[in-house]
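Chemist: Annotation source TrEMBL lists compositional bias 'Basic and acidic residues' at 154-163. Annotation comment: TrEMBL describes 21-234 as domain 'Cation efflux protein transmembrane'. Taken from TrEMBL, the feature region 'Disordered' applies to 145-169. The transmembrane segment annotation in TrEMBL covers 50-67, 87-108, 120-139, 177-198.
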Amino acid sequence: MHDPDFLPHPEQSGRAIEHVLWLSALAMVAEIVTGHLSGSMALLADGWHMGTHVAAMAISAYAYRYMRRHAGQAFYSFGPGKVSYLASYTSSLLLAGVAVFMLFEAASRLHSPHAIRHEEALVVALIGLAVNLVSAWLLHGREGHGTHHHHAHPGHDHDDEHERHHHHHHDHNLRAAYLHVLADALTSIAAIGALLAGKWAGMDWLDPIVAAAGGLLILRWAWQLARDSASVLLDRQIGGPVARAVHAHVERWGGVTLDLHLWLLAPGRHALSLTVEAGPAADLEQLRVALDGEPSLAHVTLDLRLRHDSSVAPQQSL
């Protein structure tokens, strides 16, 4: 059995998120104040979303601090790794909330248009976009490669399975932070486009429409993040390369898989409960040693049931 308190590089990831938190807080204040003064709904929408972005960054940073503080403590049977998924699920709710608010406010502005001071709003929107680009740069490499383990599994094409099941190796907390940054960048670009159209073509009606379109896309991202995080929190059964590798080990050992339960404990780290059937000469310790060679298995429970034609009655468990 591997260390169940494996954490997805919480110190480095937490530090990157804290940097993004402070950048975002400054941009949020500037955008909301300028949005109110200039009358730009698109800029206000960007500022409001930046506010949830700041809240999400704070939640993510706290999650990493919590995981570091409680790593190795006995009252977590499988370690505190799922705190990151709880944080990402909470972030998805914040994303959904701001998306709905953007949609309602955009509808209100379409019904009752406001005058827009384009120059002031454009300056702050450009600053907000710059903050988003820096934030994306800080988070992008860690979001894509935070916890993936490169190892070969027998009996299947690892590259194809890697693409199909890549989300199992992601730190969802870091992914949530990255999605907030992407959503901010989207609303910043949309706000800039709407402000330019209003300034040069008199198309101020485009401002709330762009805000509404951004709200719909953010709502879709929120749903995807909530779905993926909830599946881990509810211990959804996992198939894919790890399950195939377990089956392959059992077959080489000479047994048959009767019952297999595989679920995530932390990004890229799984728990396994396995019941196998084999003959009386089977040594369960050999199978345990083979499974210990799988770096993604953090906790393994094995149970052996002897074949019915065996004269040996006892079962083995590890």
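Using the three backbone atoms N, Cα and C, a Cβ is placed for every residue, glycine included.
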Chemist: Same-chain Cβ contacts of the transmembrane segment (50-67) under 8 Å, 6 or more residues past its ends?
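Modeler: Residues 7, 10-11, 13-14, 17-18, 20-21, 24-25, 27-28, 31-32, 80-81, 83-84, 86-88, 90-91, 94-95, 97-98, 128, 173-174, 176-177, 180-181, 183-184.
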Chemist: Using a Cβ-Cβ cut-off of under 8 Å, list the residues of the same chain that are 6+ residues beyond the ends of the transmembrane segment (87-108) and lie near it.
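Modeler: Long-range Cβ neighbours of the transmembrane segment (87-108): 41, 44-45, 48-49, 51-52, 55-56, 59-60, 62-63, 172-173, 175-177, 179-180, 183, 208-209, 211-212, 214-216, 218-219, 221-223, 225-226, 228-230, 233.
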